[in-house]
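Database features, via Swiss-Prot:
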{"type": "ACT_SITE", "residues": "Cys60", "note": "active site, nucleophile"}
{"type": "ACT_SITE", "residues": "His307", "note": "active site, proton acceptor"}
{"type": "COMPBIAS", "residues": "374-385", "note": "compositional bias 'Basic residues'"}
{"type": "COMPBIAS", "residues": "473-486", "note": "compositional bias 'Basic and acidic residues'"}
{"type": "DOMAIN", "residues": "51-348", "note": "domain 'USP'"}
{"type": "REGION", "residues": "1-21", "note": "region 'Disordered'"}
{"type": "REGION", "residues": "374-394", "note": "region 'Disordered'"}
{"type": "REGION", "residues": "465-494", "note": "region 'Disordered'"}
Amino acid sequence: MVVALSFPEADPALSSPDAPELHQDEAQVVEELTVNGKHSLSWESPQGPGCGLQNTGNSCYLNAALQCLTHTPPLADYMLSQEHSQTCCSPEGCKLCAMEALVTQSLLHSHSGDVMKPSHILTSAFHKHQQEDAHEFLMFTLETMHESCLQVHRQSKPTSEDSSPIHDIFGGWWRSQIKCLLCQGTSDTYDRFLDIPLDISSAQSVKQALWDTEKSEELCGDNAYYCGKCRQKMPASKTLHVHIAPKVLMVVLNRFSAFTGNKLDRKVSYPEFLDLKPYLSEPTGGPLPYALYAVLVHDGATSHSGHYFCCVKAGHGKWYKMDDTKVTRCDVTSVLNENAYVLFYVQQANLKQVSIDMPEGRINEVLDPEYQLKKSRRKKHKKKSPFTEDLGEPCENRDKRAIKETSLGKGKVLQEVNHKKAGQKHGNTKLMPQKQNHQKAGQNLRNTEVELDLPADAIVIHQPRSTANWGRDSPDKENQPLHNADRLLTSQGPVNTWQLCRQEGRRRSKKGQNKNKQGQRLLLVC
């Protein structure tokens, strides 16, 4: 599906570089962002993966989309805080309350092997028991949750603007700039976005597609720009940049034709860590790193057929493949090899957990082109013997290292003195062979004489043992709905009806009756 970005036609009065309206519009954007920044947007505690979701018939697309939202760190923490449901006036039909119940039940009150059935409130307005586009359902769900937030905000603050935690988490701002090629006057317009659609028809990677999005478009001929300063239509250039980056970056790879629904099934590489700074309208300061936490995948030939699943990164840092009711471990290598449809990135600055945070040294390694050169220089420096003075080394480098150097000759003297004292103490002055003495002297010097003071920006990373790649499940056909669930739960707890209690009493005599044949419990979130 191709998403068209439309921008308001530029006001000719704004073509002058010093037009005051331009700065006022930008100030409003910054002010709104500042107001929205009051929400806590990070994992407050490490969470494991959520439970699987029941396929009610061609519902794999909404299951995959809901799993990606459930494992969005800022959104999950907002849902777990119960902030909205405590003030909502109509929770029985509120989509945000339904999403809050789904996330809470999935992350906090489920066990391994449990299966949940998404609430009818979340799915009824969109799902018609046929295959749909997962990205369209994502945008529909975000907008309906945004409207639910606005209803509460307008009741408490009638004068509040159209801002919500949903836009605070996923919302960013485009800056569309038109520049007159004669007088160099510019006109800027700002528009909010919740996702970034990318044309991948000629791109080999997400980074290349991002660069293609920002290519300058020439406005000439019938499409020429009316310059307010020149007072006539003039050739101009139009550029599109991210002006304010979102906290959660949702990148959509346009794989489906808007007319036929046919899929562009080509490999497009995407990184685990992405620096958005080069794509900003004003790229100042340090890197703006994002970490991948979810990948939504479509396996099929058209948007009306095939199967959807996703890979998500849980709060404790491990990756899982969420395929309807099946939840299986996977590694980041297999995740990066998927034929992705929608990518989810989160700003590193908004994550607190070490298991998710990328260490500063890792950020530099991925984002800074000069880091590899610096790293190789440090490796060469570490290979030098601490017993040999490097007289050709600059003084400032020796000062930085702050290593107390000892020559090989001094090492021999210390060795002989130490062994002589030891021999006198035990009544034996016999010295060890010279080869062994060299080794022991080196050990003593390393333990007592050599002091290594790492620089302030040095980082020590202990790599875990590599594990074997987890097997990847081949995409299956649509899963059939589960039947004969042994235990039905809602977001408020067990369903205490006479029939269920009677059935439960009959089953208690059998061992393990709290699970079905697949070892799964069906949880109903109402």
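Every residue, even glycine, has its Cβ placed from backbone N, Cα and C.
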Arithmetic mean of per-residue pLDDT over the domain 'USP' (51-348):
90
Would you say which of the active-site residues Cys60, His307 has the most Cβ atoms within 10 Å of its own Cβ?
Cys60
Rounded to the nearest Å - Cα separation of the residue listed as 'active site, nucleophile' and His307 (active site, proton acceptor):
7
Can you tell me the three-state DSSP label for His307 (active site, proton acceptor)?
strand
